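In what follows, a structure is listed as structure tokens, so that the remarks can point back to it.
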Amino acid sequence: MIMGSSWWKVAAVVIAVAGCLLPVGADEHDHTYTDREEVVLWMNTVGPYHNRQETYKYFSLPFCAGSKKTISHYHETLGEALQGVELEFSGLDIKFKEEVMQMTYCEIEMDKAKQDAFVYAIKNHYWYQMYIDDLPIWGIVGEADENGEEHYLWTYKKLEIGYNGNRIVDVNLTSEGKVKLMSNTRIAMSYSVKWKKSDVKFEDRFDKYLDPSFFQHRIHWFSIFNSFMMVIFLVGLVSMILMRTLRKDYARYSKEEEMDDMDRDLGDEYGWKQVHGDVFRPSSHPLIFSSLIGSGCQIFSVSFIVIIVAMVEDLYTERGSMLSTAIFVYAATSPVNGYFGGSLYAKQGGRRWIKQMFIGALMIPSMVCGTAFFINFIAIYYHASRAIPFGTMVAVCCICFFVILPLNLVGTILGRNLSGQPNFPCRVNAVPRPIPEKKWFMEPAVIVCLGGILPFGSIFIEMYFIFTSFWAYKIYYVYGFMMLVLVILCIVTVCVTIVCTYFLLNAEDYRWQWTSFLSAASTAVYVYMYSFYYYFFKTKMYGLFQTSFYFGYMAVFSTALGIMCGAVGYMGTSAFVRKIYTNVKID
């Protein structure tokens, strides 16, 4: 079933698969006009102000369109389709630099059903969104009187468009013409267009939509400084503790080498050296483990690249460009997944490498598509614009099977052949060493629960700004902060997992692979718990659709973050474990 999309739009979305494999540019035209050239006013969506994701087609309310029926162009990107952008032509005849005095463009025959629809929209604070030359415009449907008994519809759209040379740099909408809603009446809808010169540069035209006072507030700077100080303190503490402790361990083990067998048997036999024959034993469920590590490395690569591109290209200025770029980068970095997952699986003696490749390649896409498919049913039930068209689903499946899988196969083959041979510094014993009893706080389950606290503490302030940008009416543009927070998160995660792993090995428990991964991944649990707090105390969201949308995609975000943190923690810990066991003398 194709919701809100004709077959020619579906074809455009399928063609967008090829567009996703190219750098993202302007999605409508080159943003330059000649005098009296057509300027298109797109009607996008309408929906309740407090439920930003619950949007419907503009003409799902009984608005009427202008008399103009045809336009010269239409383009839709894959990112727009996935985000529920439903551009529909307004029918208003607007030409570059040609002013239009107030004129009626259509009339609404107001019957009881239409009146009820508008009253419902006004009671729920419905706003609508429009676009002119990719610049968003917001307006309110109507308002009620002080007693909430009478409802009024805004009927006059007063557009004021600023231009600099042959480019549009500013758009403002003023809603006027308040008319009381009554059945069996005719309500005339009118508009006017005024053009004015502006000194705003084309490159700076989105600055009016940004909120520097929110994103560059002192608490934002303070949180970054606080996280940075935490990194310095944690790295210094880890370095000092481990260097001093390991120096003593090396000295003790060197001394034991000089003892005879009787003295060594009577000596103090404990510590991380005692598990040297088991520390490089393959992890339990190596196929799943290596797939998670490969996926985590790919997510980290995607995050790093997309943030850099966003810092350079200002992706927030183009509809759907952030999502389109993320899809393109994810597909292009599939060899990273195959390389790290395939090489780790080969090192651990895995033989079903084709199955591992398929699981590693489709793990994240299946999770995302499964969640989107579930939410899509709810969106279809609500007739919301968030319902993903069938053509878009076909496009995403084509990317998964014809781009991601082949590239992942290439990465897997390279990983198995270039770094798939076990080269551990210690032999692995044929029989696993029994794990001695230890104190409760040294158990892997406790370490996993506590491991994510410090990484979450280093990012939770930035989480607030990211959540506010996605779930409220803010445009996130401080990607330099996000890059810094990503670096801080990785450093803190590696430091914490190294400490946790050292304590675990010192307790002669060699099950460090899953412990290091899960202790770092537990950061995602705290992020998801924080999302509950944000939903109930920082938003005014309501309803089944918005609730399922919020918690469904927050679960996807948290899971992806956890897999990334787990992979980063494991990779750092693996280097540490290899280093300490390389420097000891082992018979």
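Residue numbers in this text run from 1 along the chain shown.
Quick reminder: no glycine exception, Cβ is built from N, Cα and C everywhere.
Some features that TrEMBL has for this protein:
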- 1-26: signal peptide (SIGNAL)
- 221-243: transmembrane segment (TRANSMEM)
- 287-311: transmembrane segment (TRANSMEM)
- 323-346: transmembrane segment (TRANSMEM)
- 358-382: transmembrane segment (TRANSMEM)
- 388-410: transmembrane segment (TRANSMEM)
- 445-467: transmembrane segment (TRANSMEM)
- 479-505: transmembrane segment (TRANSMEM)
- 517-537: transmembrane segment (TRANSMEM)
- 549-571: transmembrane segment (TRANSMEM)
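Contact between the transmembrane segment (221-243) and the transmembrane segment (479-505) is present: at least three CB pairs lie under 8 Å, with pairs separated by 6 or more positions in sequence. With a cut-off of 8 Å on Cβ pairs spaced 6 or more residues apart, the transmembrane segment (445-467) and the transmembrane segment (479-505) reach 3 or more such pairs and are scored as touching.
Within the same chain, residues 53-54, 292-297, 299-300, 303, 340, 364, 367-368, 371, 374-375, 378-379, 386, 451-452, 455, 471, 489-490, 493-494, 496-497, 513, 516-525, 527-528, 531, 535, 541 sit at least 6 positions outside the transmembrane segment (549-571) and bring their C-beta atoms closer than 8 Å to a C-beta of that stretch. Note on the transmembrane segment (287-311): residues 322, 325-326, 329-330, 333-334, 336-342, 344-345, 348, 350, 352, 355-356, 359-360, 363-364, 479-480, 482-483, 486, 490, 513-514, 517, 560, 563-568, 570-571 of its chain, located 6 or more positions outside it, place their CB under 8 angstroms from a CB of the stretch. Non-local neighbours of the transmembrane segment (479-505) in the same chain are 215, 220, 224, 227-228, 230-231, 234-235, 238, 241-242, 245, 272, 275, 279, 300, 303-304, 307-308, 310-311, 442, 444, 447, 450-451, 454-455, 458-459, 462, 465-466, 511-512, 515-516, 519-520, 523, 565, 568-573, 576-577; each lies 6+ residues outside the stretch with a CB under 8 Å from one of its CB atoms.
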